[in-house]
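Novice: Here you go, one structure.
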Amino acid sequence: MAPSTETYQPNWHVRALSAPGPDTDLSLHVSFDNARFLFGCGEGTQRAFTQKRMGMRGLSAIFVGSGEARSRAGLAGVLMTAADGGISKVDIVGPPDMSHYLSTLRSSVIRDSLTVNMRSYPRSSSSGESVELFKSPNITVHGIALIPQPSPDNIAGPSSSTYIPYDPQSPSFRPSKLSPSDAQQWCDRIVGDIFHNGPKARASRRPYQPPPPPSSSDSTKPRSRSRSSSPRRSANPFVNPDGTICSSIPDTRYPLPLPTKQDVETQMVYICQAPDVRGKFNVEKANQLGVPKGPARGKLTRGEAIEVDDPSAEGGKRIIKPEDCLLGGGPGSVLIVVNCSEKTKSALLDNNTFHKYQPSKAAESGVESRLVHLIVHRVPKSVWDSEEYKDWMKAFGECTQHLIADPVNHPDRTVFNSAAWNTLQLSLADPEIFVPPFVSSPHPPSIDLPPNTSFLVEGSFCRMHQPGAVTVVDTHEKDLPFSITSSEAEVARETIRQDMPEYAIACDQAHQAILADPRSTHPPTPKVGDDITVTTLGTGSAIPSKYRNVSSTHIDIPGLGGILLDTGEGTLGQMKRRFGKEGVRKLLGELRMIFISHMHADHHLGLNSVLEERFKLGITSPLFLIAPTNIALNMQESASWQYSATSREALENVVFINIQRLGFKMFNGKNREKESAPPLPTPTDGSKLPETEAEMDQWEREGLEDRENGRRVWPFTNVYGFSPAASGDHWNAVHRLLDELSFRSIWAPVVPHRGRAYGLAIEHSSGWKIVYSGDTKPSEELVQAGRDATLLIHEATLEDDKPDVAAVKGHSTFSQAIDIGKRMKARHILLNHFSQRYPKLPKLPTAVPSTIDDDSTTAVQPVVSISFDFMSIKIRDMWKMAHYMEPLSLLFVETDEGDGETVEGEGSVLKAVENDVNPSLDGGREVSGKKTKQNNKKKDDQIPVSATHSAAIPIQGDENGPEQKQKSKKSLKKEASRAAKRSAPSPGKNDGQPLAKRRSTDSAVAVNGGTSGGKEDEGEKMQVDV
């Protein structure tokens, strides 16, 4: 329990966890002795906690800065990771549509161990009004919503007409027709059901109670075929049989209304006031003033004035005030966080709430001025560089410090340094396959700023009490800043060569082996699909680590364009890091199709950001999206990406295809005349359609009405259900996909995972075939769908000694994934989706030689490769990866001692990794009800892949024998020991030249090293997919 304000001395500081950049946004970590607060929560925030070696222990509230998706797209990941780390309650403070945003994620984000209290800016408050949104013993926060004036636009917002009363029990209840205030109330209720012990959780644990027997009068009535008349089921799907409300059901017939464009453009200002500080009682001073011992001194300590006897004073009494005996006390520090855009600048500058913090304005108003110690400005240059804004900043006085975080014209600084250094080291093996995320302009611009003003960078630090100056925290040796540009790459690689000679020698030997390989000396006849390039943007599972982001893979097909397989959180940021500004413009301009395999959050939370960026770049070309229908529901209810479109045509070109209707092989009629898609379902005798289809027509009609009233914009076709209209739109979209992308066939087989999940097999008219597994256990249907694949991209979450764990969790081991590829006769196998237990190099089975045969009738071993983030490889070059395994094993060899990496706080990330928890599904609890002891195996039991062999990796056995494996391990240890003896350079001594990271064996995940945050719940998991 937090101490009372009478005795609590607020010792607190502000630190920038991340700054605006290509893959991050502003995130301020405000830390008290007994509580933590987060201001800003963009994509990558949970990964930044890991990278910066900071824990989430004590996280009490998260303050979201605006209605933009960019400022809050990391919220879901942070909440799930916090819940898995043992945090039981978090307050969410934000703009008016804050609860609406979280409600759109109700189909994939659930935590029944976390209570989330929504504190959105009230719809009843006017723009610019200061409202107390949060109060705790540590801090009181007032929020000001800067809402721009409405302006005409190509895409209209919701209309104020035809609102219905707020009655969730009513059969005619429609969330899309609620007024803004009622919709906010409904969304608050949804969030309450998504998190913690809501009605949905209670209903799932309630013993079954049979319905009461029908009365005699009821038995004589004819039974109606309408589902709404059943005594067991209400016409309103949110009403449980016992009358309670379950609001979090993601029913596509009952969508939420689309927020207005004003909601998206709303910016928030937070004024944070710490409680006044009671000074420390000065005994010497009290004795001098004649304060008697006992209760009188207690009154002074509590802030009360007292009277003491003094014959020399008038009346014989003298008043002593608390400040006469208390030293160091005074008003609590004030922090202001400003989010402002060009459209809301005037609303900010004209707001008189700030007058009491500006000495000259306070004097004019006759009020006592309050000193603001720090103001953080998340504003673009068009705002902060204007004279009127600079004057507004100066009005706070010379003692106020300012930090500017420009979300538009920001320096190109790397936050995820570990992944960047990791890829630079890998590039010594092959700079064409492993392309480091070089920076372009790592330093802030040289601009004259007002006094006490500087640009915010990650690590900016300011002590609020006792008040201190703005500084930058020293970087940890395992978080050295990566500031290398592409022009400095060769110098940086040469530094690595000098620092890691064994690794450099192994790379040179691999290069020689590749040159001597028959595939280099006598290249085989080129095959169709050899020139396809696969870029693995995210290769980790469940949660992002320092080295591996969550799932996303881009396939670049010459002459066709790009295909994106899954879009986990941070996908857009990974694109920007890997391809650069112009490269992303080209990639998104050529993107033809996105495939979402299932509803787990680590596979789709980055989708809307990708779509929004396309529109911001002016890209309006057709884009096919194959995904579950709940993805379409989330897109329909999400405003930020839709309002970024320049026209209705741009939105119409986002063509959704229901993955649930692609469960069999569909051929393109132009390429295979004898086989085609099933005919569209239509009545053959003019009879009335079945009742279910007539009912779906009702929802379609309501959808049209919602679009006419601005409550819905996208989609423009019927993507839900199986009505004749929906079927017609679906098959038209499928045929269009097959024709425009020249696919010979497409098949999305259902694969065995926890919840409904799908794989993908696409075959091109030119002859290549690509298969993607998504998350799955070994699947016979995937084998059938992927027969004779050119490339199989298959998940390999767990190592081979954990088959039981993999089966329970719905995943595959390394050898199981390779076996699937062999059974489908795939030519190439790319393994990805590794558990974050293996954040650098997965512990694969030992490799064996493969045969090389141009005769297509002869069975050959498939070429097998593992994957890393930022890795781009052509299919024809995948065989080279076998030769790189020896240097990679040296690069990532783990010593027995480890590196002793610890960070502040609870082990939230570590707990998820150790238990292989998927934050989008597992809720932080054990799946099987008991912990696996295999995590405690010694690292010596893990044998890295030997590079003396070729590409094929067998399912069983080891043809080299135990002696060879022991010898290889000893050699690796010796080389690692020699490398560890070399001292790492000081970051400050190489300012004039690129600095190559010296250490490559730092641990995989920066985890919280404190005491455990409580016992893990045991028992069955909550199922999230619907």
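Cβ atoms are placed via backbone N, Cα and C, with glycine included.
Reproduced below are the annotations present in TrEMBL:
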type     : residues  : note
COMPBIAS : 157-181   : compositional bias 'Polar residues'
COMPBIAS : 1014-1026 : compositional bias 'Basic and acidic residues'
DOMAIN   : 17-64     : domain 'tRNase Z endonuclease'
DOMAIN   : 750-834   : domain 'Metallo-beta-lactamase'
REGION   : 149-181   : region 'Disordered'
REGION   : 197-246   : region 'Disordered'
REGION   : 670-705   : region 'Disordered'
REGION   : 916-1026  : region 'Disordered'
Novice: Mind checking which residues reach the compositional bias 'Polar residues' (157-181)? Cβ under 8 Å, same chain, six or more beyond either end.
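Specialist: Sequence-remote neighbours of the compositional bias 'Polar residues' (157-181) are 96, 123-124, 150, 189, 228, 234-236, 238-239, 243, 245, 247, 254-262, 702, 706, 709-712.
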Novice: When secondary structure is assigned with DSSP, how many helix, strand and coil residues does the compositional bias 'Polar residues' (157-181) contain?
Specialist: 5 helix, 0 strand, 20 coil
Novice: What does DSSP give as the helix, strand and coil breakdown of the domain 'Metallo-beta-lactamase' (750-834)?
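Specialist: In the domain 'Metallo-beta-lactamase' (750-834), the DSSP-based counts are 23 helix, 26 strand, 36 coil.
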Novice: What is the average pLDDT across the domain 'tRNase Z endonuclease' (17-64)?
Specialist: 95
Novice: Count up the helix, strand and coil residues in the domain 'tRNase Z endonuclease' (17-64) according to DSSP, in that order.
Specialist: 7 helix, 16 strand, 25 coil
